[in-house]
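Engineer: My questions will all concern the structure given below.
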Amino acid sequence: MRHMKGHAESVNGVAFFHDGYRVVTGSWDRTLRIWDAQKGTLVGKSFEGHQGSICSVVISPDDTRIASGGEDTTVIIWNVESRQKVFDPLVGHQDNVWSLCFSPDGKKLASGSEDETVVIWDTGTGAIFTTLSGHRDRVLSVAFSPDGPKLATGSSDTTIIVWQVYNAERLFQINTRPYSVGSVVWSPDGQQLVSASGDKTIKFWDGSNGNQIQTEPCTDGHTGWIDSLAISSDGTFIATASEDKTVRLWSTKTHQQIEHALQHTDEVYCVAISPNGTLLASGGRHREVCLWSIGDALKRYDMPVEQKEELELEQQLRLIDVVALILPSLASYLTVLESS
């Protein structure tokens, strides 16, 4: 695990570039920063322009633009290369902008806010395409379907709403009472929705009608609120970030936790998975960005039982060999101590 330090306050948003080599983060310190995911170093100067803390960050599909949402109620679209604003700050919300998502073609940007609305922006002009009103509390998560026509929104009002984007029609609503929805994502094939709730659970839903897929949610893990949820590009696993100071990996096939939790020193607010699924980035109250190598853990989880047993036996034999090498030297050392 690699710690990347640079922000002066909590890290609230993190996203991998689609090239897999860079990570962008947004912080309460009002800045965005880009990091080299291989070296763990900062790339260039920070992005500065928000008049309040940054609550969310997302990268366009072609990696040329970054969008950030702030406590100042605005959305800013940035040019990655020049680090300049593409437009003046976009004004359409009346309160904190908690969540952002680009459409798959990059032509639309959705933003969810404390003001209970979702605004969909035209990224070519910076104008408002439409505003979605229907939630009765802050909107904490927005997610375009992989094919683009639909948008899922999760809210503190204990609902997920799936909308038809082009005409702002509400297709269906999922009730998660009595718990808020902190994060929602689509599976890469668009067949399922995955949500994280205030009851510390992860639930899977049918993306066409909102019916719950598994009878029992993933519950054996987090002991605190889950703030962020990410799904791998192949849809085989998800990562969850929690205020219990951990990030956990889960199989989408078995709905079971993959190996042990990734421990942090403080609350974790955001998580992202690299496009190839081998790296994970997380951030939170500890002000650091953490990079984790998760490829080996995923391989071990997918191993057949017989192969896992062989690997465990091999590791035990190696340990025995190490002990056998150390014991004679330790015995000689103790003999010298006794004689002196």
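In case you wondered, yes, glycine gets a Cβ from its N, Cα and C as well.
When I checked TrEMBL for this same protein, it listed these features:
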- 4-45: repeat 'WD' (REPEAT)
- 47-88: repeat 'WD' (REPEAT)
- 90-131: repeat 'WD' (REPEAT)
- 132-173: repeat 'WD' (REPEAT)
- 174-215: repeat 'WD' (REPEAT)
- 219-260: repeat 'WD' (REPEAT)
- 261-294: repeat 'WD' (REPEAT)
Engineer: Please work out which recorded stretch in 4-45, 47-88, 90-131, 174-215 has the most C-beta pairs separated by under 8 angstroms from the repeat 'WD' (261-294)?
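Structural biologist: Between the candidates 4-45, 47-88, 90-131, 174-215, the best contact partner of the repeat 'WD' (261-294) is 4-45.
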Engineer: DSSP says what for the repeat 'WD' (261-294): how many helix, strand, coil residues?
Structural biologist: 0 helix, 19 strand, 15 coil
Engineer: What residues in the same chain, six or more past the boundaries of the repeat 'WD' (219-260), come closer than 8 Å to it by Cβ-Cβ distance?
Structural biologist: 141, 182-189, 192, 194-198, 200-202, 204, 266-273, 275-277, 280, 282, 284, 292, 294, 297-298, 300-301
Engineer: For the repeat 'WD' (132-173), report the average pLDDT of the model, please.
Structural biologist: 98
